[in-house]
Amino acid sequence: MTVEEQADTAPPAQYSPKRWATLAVTLFAVFMDMVDNTVLNVALPAVQQDLDASSAQLEWSVAGYTLAFAAAMITGARLGDQLGRRRIYLIGLGAFVVTSALAGAAVNPEMLIASRILQGGAAALMVPQVLAMLQVDFPKSERPKAMSMYGMSLAVGGIGGPLLGGVLLEADLFGLGWRPVFYVNVPVGLAALVAAAILTRESRVETRESFDIRGTLIATVGLISLLFPLVQGRELDWPWWTFALMIACPVILWLFVRYEHRVIARGESPIIDPALLHHRSSLGGLLVAILFFCGMAYQLVLTVHLQTGEGYSPIRTAVALVTFTVGVGIGSAVAPQLMPLGRRVVLLGCAVMAVGMGVITWTVDHWSGSLEWWHLAPGMIVSGIGLAMVAGTLLTIVLAQMPKSASGAASSLINTAIQIGVATGVAIVGTVYFTLLEDRHTPTDSAVVGLLTVVGLYTLAGLLALVLPPGRVDVSDVDSDADTDADSDHHHATAAVGTALPPEAGAKARVAP
């Protein structure tokens, strides 16, 4: 029985009269997670100066959170389903507060990276429970309003993260520099923890499923075998074993697929059903998502370049980055009308994103030394439109050819790929950018090449989108109450980009010939 089926068959008396207060408390925790997905980017130069961090360590401080989140989020959702969503939510929120304090207290880059990895794992316990509890706490008639509040908290968190980081860095509270970026989570997190303990109620599913811990570990090792040499290879002067690790990555992932087949043969629950990879839409969507969201590493290049190359203050940098969300808002309004065009929308969105990044690249080069945030705004807005066009449509195309029973698993797979794409993009683009920067190229030249790498990634994503099934997508049969797994994974996509995606991303649809 799905979470939604469990909720829809519940008697009216089962719905808590405190449900709106409960929603406010849980959404505040989601807001904290969204802020932490974006706030560190603005603080990277300050972190590097204070902790004497290498460029590779900066990359790990960003990618470590995302990688841990991706590796643990499906397991976190299952833990909530079986051990109790309230229990796992409170554990995750408490761990998030503790790891935030550890990150703020970091005395060296290694401690910061370890704290960020643990923080990502804590978020993977906390975040999947929110929409599951929403589905159980609210009757079907009230869920659209509750979901709109959920989407609003994502949008505010995505916009507020860079701005909050900029304000805290400018304020330099108690002479702590960048550390309040993490410390701010402690008092608000503790308040949310107490309120959640009082207001939330326990819920779980009736059926029991096994935990595929070994499969999770194999997949994580496979991903690290790619990311570690990409990030560290430059500093280690590319010894032979870094290339051996990258070659081993596809072998380990192949072993992971074989292991998942054996899990199914034993009648247990795999972390990912390999049968989903047999669908053209799932496999194509997986590859497109990884490549497309690799390009989000442009944020790393811009935040470092604006502060170290153009002399921007943290708050001024945040303002420049926030203009991206204006484009997302425009694209979110347009995307639903274009969505029936299916694959063509993904192709167009990738092209728009590449053009927007191309404009940003030209702007950085042309206005070198006198770059203002409004010079960047046109390219940022165009790029935001492209993101909104691709994100919702891509997930809808994938779900279109899936049976309802597989929709949650398919969206989980795609949104795990989104997190992997973000982490991989930081490794690839960061390696290109910092290699040039440390080889005494000018800051502008280094940023231009880094951004051109992003343009190339979006171009490749567009070409790869040709493998998606052609034809129109029939979105007339849209079910606003999509399965909780699909809705929850919709958040994971938004977390990766720091902004809200169109609600149609979770729509049930079919591809018309």
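Cβ atoms here come from the backbone N, Cα and C positions, even for glycine.
Automated prediction, rather than curation, is the source of TrEMBL annotations.
If you check TrEMBL, you get these features:
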DOMAIN    22-473  domain 'Major facilitator superfamily (MFS) profile'
REGION    478-513  region 'Disordered'
TRANSMEM  20-40  transmembrane segment
TRANSMEM  88-107  transmembrane segment
TRANSMEM  113-134  transmembrane segment
TRANSMEM  146-169  transmembrane segment
TRANSMEM  181-199  transmembrane segment
TRANSMEM  238-257  transmembrane segment
TRANSMEM  286-306  transmembrane segment
TRANSMEM  318-338  transmembrane segment
TRANSMEM  345-364  transmembrane segment
TRANSMEM  376-400  transmembrane segment
TRANSMEM  412-436  transmembrane segment
TRANSMEM  448-468  transmembrane segment
Stretch contact, the transmembrane segment (345-364) with the transmembrane segment (448-468), Cβ-Cβ under 8 Å, 3+ pairs: yes
Contacting positions for the transmembrane segment (181-199) when only residues 6+ beyond its ends and CB under 8 Å are counted: 18, 21-22, 25-26, 28-29, 32, 36, 39-40, 43, 86, 89-90, 93-94, 96-97, 100-101, 103-104, 164-165, 168-169
Recorded stretches the transmembrane segment (412-436) and the transmembrane segment (318-338) touching, at least 3 CB pairs under 8 Å: no
The transmembrane segment (286-306) vs the transmembrane segment (146-169): 3 or more CB pairs under 8 Å: no
Overall pLDDT for the domain 'Major facilitator superfamily (MFS) profile' (22-473), taken as the rounded mean: 88
